[in-house]
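Asker: Dumping the structure here so I can ask a few things about it.
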C-alpha cells in the first residue's frame, strides 16, 4: 500500500505528500522497492530542493546492492536538472546494466546545460557499448545546436538518425529542420523538407521560420503559398513568422493580405499575433494602422507597449511616444530596458518650445531607471547623457557620465559634444582649435594621456610643441604625461630626451622610464638607468622593483635579480604579492627552478598570477609533470584559473603528450568557466596535436577556429613536421609562413631543419642560401650571454670578440670530443660540405656557449639568449655538449626556452 501511495503522489507531482508517506513508511519498518525510490527522485527533481533527493541517493548507496537502472536513471535526471553534471556522470557509471533510458538522461542533461560536446561524446560512447540510440536520444540533443558553429555536429546527428532508421519519424524531422534553420544551413533544411514523405503544420512553420530567420522572405512567401495549396492549415505561429518577413514599405501590401487572412480567426486577446501585426505595420510605414491595432487590443504585454512607443519614435511622433509611456505607467504596466531606450530617444529629439517639460519627463524616466536597477547600463546611460545635453542640463549630463562604470566611445563622444571633458582624444583638440577654443593645462595632459598608439605619434609631438611655445612650462606632471605618451607611441628616444630635460625627477619619473625600456625590450638600458637611480640615492618602491625584476627576467640577469631579492629581504616588500610574483617570474625565466619552487612555497600571499607563473615556469622548462601537479593543487586551493593559466596548462599537456586531457581542459575553459579561447590558446592546442603526430586534426582545428592563422600557428606546425620528418607538410606550412611574412628568416631556418632531419642536405643548404640572397640573416642573428655582470654579444660569422682565438679553439676541441663520443654527430658532420660545416660552426649560439665554458668554473649553469630560431645543428650540438661537459644550459630563442641537461632538452626536440 505504501509503495502505491508514494508512486501515486510522485506521478501527480505532490512532492511533500510523497516524502511524508516515505517517512511514515520508514518509521513502520516497511522496505521500499526501487520503483518507489525512482518516484521520489523524479519528484525531487521537479522541486527547488535537491536535499531529499540526496538523502534517497545515500539510502540506496548504503543498501550495498547494485544501483538499479530505474533508480539510477532518476538520480541522473535529478542531478542533471540541477546542473550537477559531474554527480550525474558518477551515478551513471554505478548503474548496473544501463539501458537506453539511462543513456538518454545523461545525454539530455548535458545538452540542456550547454555541454554539447560532452553530450556528443556520450552519444559516441553509447554506440561503442552496442546500445542503439532511439528517437528520444536524438530529440534531446538536437535543440542544443543553435548557431552556425554547431552545424557540422548537427549534420553528424542527422546521419545517425538515418543510420538507425528514424528518417520517417515526423517529430524528429521537424527537430532537424529547426536545427538547420538555427545553424544557418538553409539548403540542407530545404533538402530535408523536400524529402519528407509526411508533413504537418509544424513542418511547414519551422521551414518558413528557417527562411525568414536567414533573410529569405521571398522564398518564405512562396513556401507559405505552397503550404495552403497542399491543404495544410497555418496556425498562429506560422503567421507570426510570416509577418516578421515584411519589414519595409515595399512589403506593406503583402502584409495587409496576410492580415486579411488572419481577421476571421483573430481575437482581440491574441497578444502575440497582434504584437506581430503592430510591428509589421510600423516597419512598413503604416503608423495609423499600427495605432488602430494597438488601441483595439483588449490585453497588452510590455512588448505591445514597446512596439507602439518605438513606432512613434521611428515616425518622429515624439510627443505621442512620451504620452504613451505616461499612459503605460499610469496603467501599472512595468517598463523594461527597451521601453526606457525608446522614450528617452523621444525626449532627446523633442527640443521644441516645451523643452523644459520634456526635461522634467526625462528626469522622471531617469528616476525610474534607477528604481529598476538599470543605472549601470551603458546604453541607457549614454542615452540619458544625450538627453541632458540636448536640453542643456550639463551638470546632470556630467553626473550620469561620471556614474557610468563601463563607459564606451559613445559615452565620450556625447560628453565631448557638450564640452564636459576630462579625457580627450586627438580629434577633440583639432575640433577645439578649429572653434577657437584655447586648450589649458588639463586639456593638454588629457590629450597626451589619450595618445596611446604609434599612429598618434605625430599628433603627440605637435601637442608637445604647443606646450613648448605656450605659457605652460615642462613641469613634473606634464613631463610625466609626455614620457608616457612617447612610450605608448613607441618612441623611446623621444621619451628619453624629455626625461633628460626634466630638472625635477621624482621616483615616479625614474620608474616610468625604466618601465618603458622594459616594455620595449631594451633591458640593458633599463638596468643601467636603475643603477643611475641608485647612485642618486632615490631608493625604490614596489613598482620600480617589479619593473627591474622584469628586466632581469628578460635578459637572464640572475645575479642582479638575486641581489635585488637580498636587498628587499626584511623590508616587507617581498611579502607584497605583486613583488613576489615578479621575483617568482625572474627565477623561473632565469632557469633557477629550485629557487623558484622554494620561493613559491614560502609566499605568504598568492593569487592566480602566482599560480599561473609557477605553472608557466615548469612548463617552459619541460617539467610538465610538475606544472600539472601545481595546476591540481591550484584547484584544490579553489583558485580559479584565468586565460593566462590555461595557456601554461595547455602547454604542459602538450609537452607531456596528454592529448585527451588537454582537449578536455580546452573545452572546460570555455564551457564551464566562460573563458573565450584566444588565438594563443588555439596555437597551444595545435602544438598539442602536432606533438602527438595528429597533424590532420591540427589542420582541422585551424580551419574551424574563429581566427586567421598567424605566423606562430604555421611555425608550430613546422616544428611538428620536423619532429615527425614530414617533408611534404613542412613545405606546405612553410609556404603559408612565407605568405604571411616573406622577410622573416625563422620559417626558412625551420624548413632547412626539416630537410636536415630528412637527410636532404642539398635542399637544406639551398634554403639557407636563398634566405641569405634575399638579405635575411646576414649579420642579424645575435646570441647573448652574461658573464660577470657583463652582456657579451655574438653575431653569426662575426669574429670581432677580443677572445676570438680562445673561443675558436674551444669550439674545435668540443667538436672533436663530440665526434669521438657520439657516432650520431659524426654522421651529421659527414652530411655537410666543408664550407657549410664551417658556417654552422660560426653560429653565434655556439660561440656564446664556448665563451661561457672557458669563462666560468666547471658545473656553472650557462644561460644563452638568441634573437631568432635555433637551427637543428646548433640544438643537437648544445645538447651533446651538455652531456660531455656535465653543464646545465638554458637557451632562450625567439619562440621558447630550452632547458638542456645531460643531452636532453625540455622541448622534447620539438620547437
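Glycine residues also receive a Cβ, built from the backbone N, Cα and C atoms like all the rest.
Found this in TrEMBL, in case it helps:
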type	residues	note
REPEAT	1-32	repeat 'PPR'
REPEAT	99-133	repeat 'PPR'
REPEAT	169-199	repeat 'PPR'
REPEAT	200-234	repeat 'PPR'
REPEAT	270-300	repeat 'PPR'
REPEAT	301-335	repeat 'PPR'
REPEAT	607-641	repeat 'PPR'
DOMAIN	831-911	domain 'DYW'
Asker: I need to check the long-range neighbours of the repeat 'PPR' (607-641): which residues 6 or more away from its ends have a CB within less than 8 Å of a CB in the stretch?
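Answerer: Here the qualifying positions are 577-578, 580-581, 584-585, 587-589, 591, 593, 596-597, 600, 647-649, 651-653, 655-656, 658, 669, 673, 890, 896-897, 899, 905-908.
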Asker: Counting only residues 6+ away from its ends, which parts of the chain sit with a Cβ under 8 Å from the repeat 'PPR' (99-133)?
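Answerer: Distant contacts of the repeat 'PPR' (99-133): 69, 72-73, 76-77, 79-81, 83, 85, 88-89, 92, 140-141, 143-145, 150, 153, 156-157, 160, 164, 667, 671.
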Asker: Limited to the repeat 'PPR' (200-234), I'd like the whole-number average of pLDDT.
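Answerer: PLDDT averaged over the stretch: 85.
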Asker: Based on DSSP, tally up the residues of the repeat 'PPR' (169-199) by helix, strand and coil.
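Answerer: Breakdown, helix to coil: 23 helix, 0 strand, 8 coil.
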Asker: With DSSP as the yardstick, break the repeat 'PPR' (301-335) down into helix, strand and coil residue counts.
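Answerer: DSSP composition of the repeat 'PPR' (301-335): 26 helix, 0 strand, 9 coil.
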Asker: If you run through the repeat 'PPR' (270-300) with DSSP, how many residues end up as helix, strand and coil?
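Answerer: Across the repeat 'PPR' (270-300), DSSP assigns the residues as follows: 23 helix, 0 strand, 8 coil.
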